[in-house]
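Asker: As listed in Swiss-Prot for this protein:
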{"type": "SIGNAL", "residues": "1-21", "note": "signal peptide"}
{"type": "CARBOHYD", "residues": "148", "note": "N-linked glycosylation site"}
{"type": "BINDING", "residues": "170, 194, 198", "note": "Ca(2+) binding site"}
{"type": "CARBOHYD", "residues": "178", "note": "N-linked glycosylation site"}
{"type": "ACT_SITE", "residues": "250", "note": "active site"}
{"type": "CARBOHYD", "residues": "293", "note": "N-linked glycosylation site"}
């Protein structure tokens, strides 16, 4: 008969394996103790609408050795130097770093910023990350907090574009404008001046997964404004994230487009959890919603810009296999949408909502 200690160890290991195997992204790489010997395997693990994202896979490893920042003429070894190169790069960090950027950091296409193995903090009172007309970008394993507004100033956008005057920015943690194929995974985001993630101006093919969003009011905006109908082609997957504590609203807030919100865990909200305007399609599947204690805050959803309930009755907002606690409820509308929204490369298994707390227990930066 096995000893009690051995049984306890086996139970513990089985719990870990179960956690990884149920979360398709984590099971793809976290079970390999030698992941640091093949960092680029991470690019094979993305699911959902961003599943084609390559990041810097196939390129060189670039190591950040300095936390210094020069917005116009960055030096080799700094994060800005690597992020603005034209070629594919897999960016890693030589040591723990606190980086306060002087101006927004423009991230060029075919880049992975991989914080695994180091404790990397961005923001710290400065502006943060910006992507414009970029494709194939992966951001993984970063603490992004305290992002602040920036003033008008010159910034190196990329090697090919060069230095441009950049308008003042709002203080978002991550801004994506006209971006295709991007994956934001296992980051911890909080306490910024405006939003934590903005996906706008025709961006599509985006997966936002395994992140921890907390201590912030306006979390995630998908879609530019109600007049920008190019965002009708937007497709975003929001999966395996932990929202809260102290997350106010916009988890996400969508305009136009198609958003699949799957296996996320919501630890209350201040105004609403999922909202939108301009007739977005929102498919909520297998999420766990715990409502605030106030009786007037129980509804998960908020339709914005509808003078009457009938005005947005045809918007397709569906709840499937979600779990509701403390009086939370989801107001569905529209005709049932075809649930086969993914191709074979994008599709992933979605568990019932009562499994979401386990699936998200390792959300955020993994130590």
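Glycine is treated like the rest: Cβ placed from N, Cα and C.
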Asker: Using a 10 Å cut-off on Cβ-Cβ distances across all protein chains shown, tell me which of the binding-site residues (170, 194, 198) has the largest neighbour count.
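Answerer: The residue with the densest Cβ neighbourhood is 198.
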Asker: Helix, strand or coil: which one is residue 198 (Ca(2+) binding site) in, per DSSP?
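Answerer: SS state of residue 198 (Ca(2+) binding site) = strand.
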Asker: Within 8 Å of the Cβ centre of 170, 194, 198, which other residues of the chain have their Cβ, at the recorded Ca(2+) site?
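Answerer: Counting only non-site residues, the set is 169, 171, 172, 175, 192, 193, 195, 218, 221.
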Asker: If you measure from the C-alpha of residue 148 (N-linked glycosylation site), which of the recorded positions 170, 178, 194, 250, 293 fall inside 10 Å?
Answerer: 170, 194
Asker: Which one of these glycosylation sites has the most other Cβ atoms within 10 Å of its own Cβ: 148, 293?
Answerer: 148
Asker: How many whole Å apart are the CA atoms of residue 194 (Ca(2+) binding site) and the residue listed as 'active site'?
Answerer: 12
Asker: To the nearest whole angstrom, what is the C-alpha distance linking residue 250 (active site) and residue 198 (Ca(2+) binding site)?
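Answerer: Computed Cα spacing between residue 250 (active site) and residue 198 (Ca(2+) binding site) is 10 Å.
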Asker: Which chain-mates of residue 178 (N-linked glycosylation site) that are at least 6 residues away have a CB under 8 A from its CB, listed by sequence?
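Answerer: Long-range Cβ contacts: 132, 133, 201, 202, 203.
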Asker: What does DSSP assign the residue listed as 'active site', in three states?
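Answerer: Coil, per DSSP.
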Asker: State the Cα to Cα distance, in Å, between residue 198 (Ca(2+) binding site) and residue 293 (N-linked glycosylation site), rounded to an integer.
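Answerer: For residue 198 (Ca(2+) binding site) versus residue 293 (N-linked glycosylation site), the Cα atoms are 29 Å apart.
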Asker: DSSP three-state call for residue 148 (N-linked glycosylation site): helix, strand or coil?
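Answerer: Going by the DSSP assignment, residue 148 (N-linked glycosylation site) belongs to neither helix nor strand, so it counts as coil.
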